[in-house]
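K.L.:
Per TrEMBL, the features are:
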{"type": "DOMAIN", "residues": "97-289", "note": "domain 'Major facilitator superfamily (MFS) profile'"}
{"type": "TRANSMEM", "residues": "31-54", "note": "transmembrane segment"}
{"type": "TRANSMEM", "residues": "60-78", "note": "transmembrane segment"}
{"type": "TRANSMEM", "residues": "99-122", "note": "transmembrane segment"}
{"type": "TRANSMEM", "residues": "128-150", "note": "transmembrane segment"}
{"type": "TRANSMEM", "residues": "162-181", "note": "transmembrane segment"}
{"type": "TRANSMEM", "residues": "187-213", "note": "transmembrane segment"}
{"type": "TRANSMEM", "residues": "234-253", "note": "transmembrane segment"}
{"type": "TRANSMEM", "residues": "259-277", "note": "transmembrane segment"}
């Protein structure tokens, strides 16, 4: 299963040789920041997972949660003191970064959490095999490719704000389609909802990434894009952990699946509202708070 990724990785590696070299600056590596971020995030996510396994009152789970939060607080403090931080805190004052990071985190939080719970539902509730359950996600993969191709054209024609608003709106519709589906939930409707959500995400992500790059100067473009991708990956890990824990406290996977769809739609409605409020109405660009 993992071997299929190797040719694509080699292709990307070969293509990077054709890209113009990025400007380089000789700076000190932030070992303390790297260590605190790694330990803090790992321990925090482990604590969230253990809440589902051991219970909310478990000393182990609570200890991990407290330690994880403490590690992240120390990370933020270290970034305010080090000469060359790995994550410049000043970027969080840029509205474009604020909106894009929130979009990236919540989108992948919802998507990974939904995929995780959907997989559990298909295999444990509908008793589908691993291969058959995997086929349910295939249409969304092809639709996502289509969305990426169309998304670039929409950005060129209507701009990033329109693309992000449209993409988030489509994702909300996809989650609501799943939420209002009658019980028992048909497999084809799950596949349809996944495809709608994936299509909206494919339109939103390139536009959000473009906002990140337009919101900072060229010297900070690399670290800004790295922050965007980091927030997305952290969102995915948190989504699996949080929705997995929520599922353990609900009466059935059917109920958990509906809860995931509703929570995801509500979170995206909040993000969409935040994006519309924080966007500068003048020229459509993000400005510093």
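Every residue, even glycine, has its Cβ placed from backbone N, Cα and C.
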K.L.:
Among 31-54, 99-122, 128-150, 162-181, which stretch has the highest count of C-beta pairs below 8 Å with the transmembrane segment (187-213)?
P.N.:
162-181
K.L.:
Going through 31-54, 99-122, 234-253, 259-277 one by one, which has the most CB pairs that fall under 8 Å from the transmembrane segment (128-150)?
P.N.:
99-122
K.L.:
By Cβ distance under 8 Å, which residues at least 6 away from the ends of the transmembrane segment (234-253) in the same chain are close to it?
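P.N.:
Same-chain contacts beyond the ends: 41, 45, 48-49, 51-53, 104-114, 116-117, 120-121, 124-125, 259-260.
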K.L.:
As a test of reading the model: what is the averaged pLDDT for the domain 'Major facilitator superfamily (MFS) profile' (97-289)?
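P.N.:
85, rounded to a whole number.
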